[in-house]
Amino acid sequence: MQVFRNATLPDGRERDVAIDGEKIEAVGTDLDGETVIDASEKWLFPGMIDVHVHFREPGFPEKETWATGSKAAAAGGVTTAVDQPNTDPPTIDGPSFDRKAELAAASLIDWGINGGVTPSWDPETLFERPLFALGEVFLADSTGDMGIDRSRFEDALKRGKEAETTVTVHAEDATKFDESVRDRTDAPAWSDYRPPEAEIAAIDVAAELAVEIGGPVHIAHTSTAAGIDRAAEAGLTTEVTPHHLFLSRDDLPELGTFGRMNPPLRAESTRRDVFERVADGTVDVIATDHAPHTRAQKDTDIWSAPSGVPGVETALPLLLGEVAADRLDPKRVRDLTARNPARIFDLPEKGRIEAGADADLVLVDFDATRKIRGEDLHGKTDWTPFEGKSAVFPELTLVRGQVVWETEDPAGPAGEFGAPVGENVRTD
Ligand SMILES: NC(=O)N[C@@H](CC(=O)O)C(=O)O
Ligand SMILES: [Zn+2]
Ligand SMILES: [Zn+2]
């Protein structure tokens, strides 16, 4: 048994946390074990469950792989990551799921694989597999051009309901895109091209159909306060990315094409409104939408650059930086990154520091604030849109009791420790 002694938990209690094998054995005081780690002056958070990453395999290993993405995740305190279906081949049937699952075996951290929806998807064989969730279902084209129309979306919601799985939605309505800005070459043109109304309109459709059809619906990467409010009012769960929380159009002069993503960066006032909804608990989940592209791929004009930014290694550190600066409550960070995703996606073993749960833990020293630098990160991309921002990186990350990241030993353990989680689909 190993014991973290006198660690501060997100709710402020100071406790010993004892780990036996893969599980938390006890949370208490005066606990004993063979290995005792002095954690006084330090905090333990549950590992982040990132329900939205693009680890790019199969198809685009120059952007990311399961090995590099999961190592970056571990270094950022993410202990479970869920991959999205816009790979090549897209994950839209049984065989493509199996192929991705073989590659995911290289993961250092625990993982889930989502199933996607296109005109050529095969729900029969797809739902025979242990999907994490159905989605992200693209209501407009993004990277991978998997946009679908309303009737196929209805079909996806019905299938999701039948299989008792959550449907996650990329909510943008392409009929609201503003073609009149096409002759502009500045980076903010992307934000004007895919305006807030496009997101709000798509969330309205998702909410309407979710209420009509039933079954849980989760809106991915919401970027507008109005969208979040409408989703929440309709009983849908919502997710916000670190880039919509910490960046706005004001950053685009500096970021240029490296700040292009879907949905795009919004006005600074919108960013503040979104932050408020994250801080007050209206938003359920922070997920990264980790969408790496190489520097060379991004370094072109605004209409040719691919959409998406990396974020899996910097999300929890940025949030912990906000805790250090007294702008976010540590309990809120715990809920957004661990407790809520575990509840929404039905992972009873994960997301909590309690006896019986998986020992997915992050050891944090709030005095160790440092600036994010792209060159220090562990994914395939050597750039980050968060360059220079203050963050608190984990000292130690454990997945089911196993150290997968240690600041003292950045070479760290080899991969392939991760295991699949959350067979959230009824396959009988
Ligand atoms: N968000 C993005 O801008 N890009 C994502 C796809 C997506 O989530 O829409 C990607 O896979 O590159
Ligand atoms: Zn998306
Ligand atoms: Zn995505």
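Positions of Cβ are set from backbone N, Cα and C atoms, glycine also.
As recorded in TrEMBL:
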type: ACT_SITE; residues: D289; note: active site
type: BINDING; residues: H52, H54, E136, D289; note: Zn(2+) 1 binding site
type: BINDING; residues: H54, F55, R56, N86, H293; note: substrate binding site
type: BINDING; residues: E136, H170, H221; note: Zn(2+) 2 binding site
type: DOMAIN; residues: 44-382; note: domain 'Amidohydrolase-related'
type: REGION; residues: 409-428; note: region 'Disordered'
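Between the alpha carbons (Cα) of D289 (active site) and E136 (Zn(2+) 1 binding site) lies a span of roughly 10 Å. Around H170 (Zn(2+) 2 binding site), the same-chain residues six or more apart in sequence whose CB sits under 8 Å from its CB are G135, E136, V137, F138, L139, A140, S142, A220, H221, N262, listed in sequence order. Residues from the binding-site residues list (H52, F55, R56, H293) with a C-beta closer than 6 Å to any atom of ligand 1: none. Screening the binding-site residues F55, E136, H170 for a C-beta under 6 A from any atom of ligand 2 leaves E136, H170. Other residues of the chain with a Cβ within 8 Å of the Cβ centroid of H54, F55, R56, N86, H293, the substrate site, are V53, F60, K63, E64, Q84, T87, T143, H290, A291, P292, G308. Using the Cβ center of E136, H170, H221 for Zn(2+) 2, the list of other same-chain residues with Cβ within 8 Å runs, in sequence order, H52, Q84, G135, F138, S142, T168, V169, A171, I219, A220, N262, D289. Among the recorded positions F55, N86, D289, the residues whose Cβ sits under 6 Å from any atom of ligand 3 are D289.
Geometry remark: H293 (substrate binding site) versus H54 (Zn(2+) 1 binding site), CA distance 10 Å. Contacts of N86 (substrate binding site) defined by a Cβ separation under 8 A and a same-chain sequence distance of 6+ are given as H54, G116, E136, F138, S142, T143, G144, M146, in order along the sequence. Neighbouring residues of the recorded Zn(2+) 1 site, listed in sequence order and excluding H52, H54, E136, D289, comprise V53, Q84, H170, A220, H221, A287, T288, H290, A291 (Cβ within 8 Å of the Cβ centroid).
Spanning the listed substrate site, residues H54, F55, R56, N86, H293 have a farthest Cα to Cα distance of 14 Å. Around the Cβ of F55 (substrate binding site), the same chain contributes E64, T65, W66, G69, S70, A81, D83, A104, H290, each under 8 angstroms and 6 or more positions distant in sequence.
H170 (Zn(2+) 2 binding site) carries a strand DSSP state (E or B).
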